[in-house]
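Annotated features in Swiss-Prot:
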type	residues	note
SITE	ASN13	site 'Discriminates between blocked and unblocked aminoacyl-tRNA'
BINDING	TYR18, PHE65, ASN67, ASN113	tRNA binding site
ACT_SITE	HIS23	active site, proton acceptor
SITE	ASP92	site 'Stabilizes the basic form of H active site to accept a proton'
Amino acid sequence: MSGGVKLIAGLGNPGDQYARTRHNVGAWFLETLAQQRNQSLAKENKFHGFVAKCNDYWLLKPTTFMNESGQAVAALAHFYKIKPSEILIAHDELDFPAGDIRLKEGGGHGGHNGLRNIIQHLGSSDFYRLRIGINHPGHKDRVTPYVLSPPSENDRIAILAAIEKGLRLIPELVQGDFQKVMRELHS
């Protein structure tokens with residue numbers, strides 16, 4: 001992969017009932033980024049989401065449910081001819097503790113239905129993922145109710161700190177300095 005990020009998408013489910021849930025931490029990331037850059041996210045039906053242009057890159061918060069996130073990502077990417085390798089997807093990560101945030105280049109979906117759908121719609125898994133840790137409930141049968149509920153106050157504070165850490169590295173992501181971002185986040 002080469003070049004910098006031209007599309008940043010933050011995954012989550014639409015609606016107030018999901019806004020504060022663990023599954024929406026990718027959307028938290030994107031909303032905070034838009035606020036920090038003084039960008040208003042405007043609803044764009046053709047892109048199935050809320051969109052803003054921020055200098056040389058696009059912000060996208062899908063209005064689809066998590067499992068259909070690929071519709072939004074692919075619509076915007078195809079329209080603006082953005083390659084998968086120029087896309088960053090911010091999403092919740094069960095396999096990391098709350099407070100961890102890591103950058104991953106390509107790979108599978110790891111059981112994440114939003115990523116699975118994006119891979120399907122793009123026809124590629126060669127995009128970057130900003131994996132925001134939310135902890136694991138301990139057993140796979142508890143995953144759905146867990147991700148669809150708000151985090152504890154301590155976890156929320158840790159998640160917000162991780163988001164801030166990731167936001168500080170947006171300039172490097174846009175410039176394509178992925179190795180620096182990985183060094184910063186993974187150490």
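Cβ from N, Cα, C; glycine included.
Here is what falls inside 10 Å of the CA of ASN67 (tRNA binding site) among the recorded positions ASN13, HIS23, ASP92: ASN13.
A count of other CB atoms within 10 A of each Cβ picks out ASP92 as the most crowded of the recorded positions ASN13, TYR18, HIS23, ASN67, ASP92. Using a 10 Å radius centred on the Cβ of ASN113 (tRNA binding site) and all shown protein chains, the other Cβ atoms total 16. The CA atom of ASN113 (tRNA binding site) is located 11 Å away from the CA atom of the residue listed as 'active site, proton acceptor'. When the C-alpha distances from PHE65 (tRNA binding site) to the recorded positions ASN13, HIS23, ASP92 are tabulated, the minimum falls on ASN13.
Apart from TYR18, PHE65, ASN67, ASN113, the tRNA site neighbourhood in this chain, defined by C-beta within 8 angstroms of the site C-beta centre, holds ASN13, HIS23, THR64, MET66, GLU68, SER69, GLY114.
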